[in-house]
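According to TrEMBL, the protein carries these features:
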type	residues	note
TRANSMEM	36-57	transmembrane segment
DOMAIN	101-524	domain 'Major facilitator superfamily (MFS) profile'
TRANSMEM	151-168	transmembrane segment
TRANSMEM	180-200	transmembrane segment
TRANSMEM	206-225	transmembrane segment
TRANSMEM	265-284	transmembrane segment
TRANSMEM	353-371	transmembrane segment
TRANSMEM	383-407	transmembrane segment
TRANSMEM	414-432	transmembrane segment
TRANSMEM	438-460	transmembrane segment
TRANSMEM	472-493	transmembrane segment
TRANSMEM	499-519	transmembrane segment
Amino acid sequence: MSPAKGLRRLSLCPKGPVAAIPFGDLLEKVGSMGPFQFFSVLLLTLPVLLLASHNLVQNFSAASPEHRCRLPSPANTSHHGHPLLLDQSVWPDRCHRFAVRLALDANGSLSQDRDPELEPCQDGWQYDRSTFTSTIVTEWDLVCHLQPLKSLAQSLFMGGVLVGAFIFGDLSDRFGRRLILIWSLLLVAVTGTGAAFSATFATYCIFRFLSGVGISGFLLNYVCLSLEWVPTKHRATVVATQSYSSTAGQVLLAGLAYGLRDWRWLQLAISAPFFVFFAYSWWLPESARWLLMNNEREAALHNLKRVAKINGKAATGEAVVLEMLETEVANSTSKRGSHSCLDLFRTPTLRRISCCLMLISFSINLAYFGLSMDLSVFGLDVFVVQLFFGTIDLLAKMGCALLLAFFGRRTIQSLSLILAGVFLLLTLAVPSEMLTGRLALVVLGKGCLAASSMCLYLYGGELFPTVVRQTGTSFTMVMARLGGIVAPGVLTAGDFQPFLPLVIFGITPIVSGLAAGFLPEIHNLPLLDTVEEVEERARRKSKAVLKETQEKSRAQVVWSTYF
């Protein structure tokens, strides 16, 4: 049968017809895990170090130190109708002060109210600056009635990540992973630095929101761009390495915050390096797999030859040519058509995958950020708690990576979520005065959440086909940010029922862990490119399971008949 008109194939033979070569095999020929993969993964991993810093920086930049009402200046105090402060060694609370008023009586002499009055802190606040010299709380007096604005800034950042997922998810599938990643890095650099120089709280919030949008664009593309250049057997290693970097960023944040006690310098320290990341990101090539799926074969050929040259296989790279033959990838391209987010829900298998991954992503981030956002509740030094959390997360992810090498993705994803929920629910049975025991269970639960998060990054990238991989990833990221946005509200519910946050943080991972059992197992299976391939694999799996069940049933019948 003659090939379709206009279709070309990638081959390792410059002349004559040859057998079709799947993209994975072609990648092996030009170097599937050589110097190019090492440097590209390294360069994509370096910005990940500062992702945790942007997510959790307000644990330090928005810390609320001890404060009390500022004493009024003498110029603002009079003997007629104005407060004169009583002995301020006894303060009613941090948002009010005692005062008495002196006024002229009928005899023309000064009289004093018998009972002191409570009044708001009209002259501002004095802050304990022994731990932090400056935070956004002390900068703009975000205490007392303005205290909710501190959470608003974090919610706006999470909202920016959510909006970015909507914007960049489809754009990445349409215009490529590389382009969106590059400009997302620049957006984070500019807006993160702008936040450090903000003159007003409103300006700070705007820059934080835009910074979240840029973070989302990078998050959507760095894992996918890495996975599409490495072979199946190394995917878990790559994702584990990048996940380690994210967790190491929590430890780095603790060190930066300890050394930089002024919030502006801390914000600048985690944002300025993104200018460097933006500069070198132009070296990174676009995914050849994505280029082939979008009929940009000349660009794919150029990138494959470049990879072969860097990997020391220049001769093999020169042998890669465009021929007028239909390949597996080209054939998939011919059926590709246009795709949208609706493709995630049109077919049964992909619909099940999308819904389960969205639920898992929401539950992980709801519980994870709920436990990470307010370190002061543990009653320990915030720098020590941040360091401790980062270290435990790193150990948990290392253990997860080891297990992923021997067990399937589905098993690890499900068990890590269920264990996280169980540990958090067990915390409720520990008396509140046993702080160490409660903290140990919370740390174990948070470690399991970190492990499940790493597994999700790998699992989601493998389950979605190339044509909608970024769109699917953007939907899971939207649910993740929704979890991060809802988390502060769940913590607020603890003001009415102290046990409620841990109940919610414990139940949701268990529910999503059970949902993970409905996902297909793809351990050591190649990435798929089209929706049709996903459905076909599921049908073959169903037929194989049905056949195995029937054979077991027949064997049982024969066995029972024999005896």
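For all residues, glycine too, the Cβ spot is worked out from N, Cα and C.
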Positions whose Cβ lies under 8 angstroms from the transmembrane segment (414-432), at least six residues beyond its ends: 360, 363-364, 367, 400, 438, 441-442, 444-446, 448-449, 451-452, 455, 499, 502-503, 505-510, 512-514, 516-517
Long-range environment of the transmembrane segment (472-493) - Cβ separation under 8 angstroms, sequence gap at least 6: 151, 154-155, 158-159, 161-162, 165-166, 168-170, 172, 216, 219-220, 223-224, 341, 344, 353-354, 357-370, 373-374, 456, 460-461, 463-464, 500-501, 504-505
Proximity verdict for the transmembrane segment (206-225) and the transmembrane segment (36-57), three or more C-beta pairs under 8 Å: yes
Non-local residues, at least 6 beyond the ends, that sit with Cβ under 8 Å of the transmembrane segment (180-200): 47, 54, 140, 164, 168, 171-172, 207-208, 210-211, 213-218, 220-222, 225, 264-265, 267-268, 270-272, 274-275, 277-278, 281-282, 284
Within the predicted model, mean pLDDT of the domain 'Major facilitator superfamily (MFS) profile' (101-524): 79
Intrachain neighbours beyond the transmembrane segment (151-168), with Cβ under 8 angstroms and 6 or more residues off its ends: 54-55, 58, 62, 136, 180, 184, 201, 204-205, 208-217, 219-221, 373, 470, 474-475, 477-478, 481-482, 484-485, 488
Beyond the flanks of the transmembrane segment (438-460) by at least 6 residues, Cβ under 8 Å: 223, 235-236, 239-240, 242-243, 247, 357, 360-361, 364, 367-368, 371-372, 378, 388-389, 392-393, 395-397, 399-401, 404, 409-410, 412-413, 416-417, 419-421, 423-424, 426-427, 430, 432, 472-473, 476, 505-506, 509, 513, 519, 522
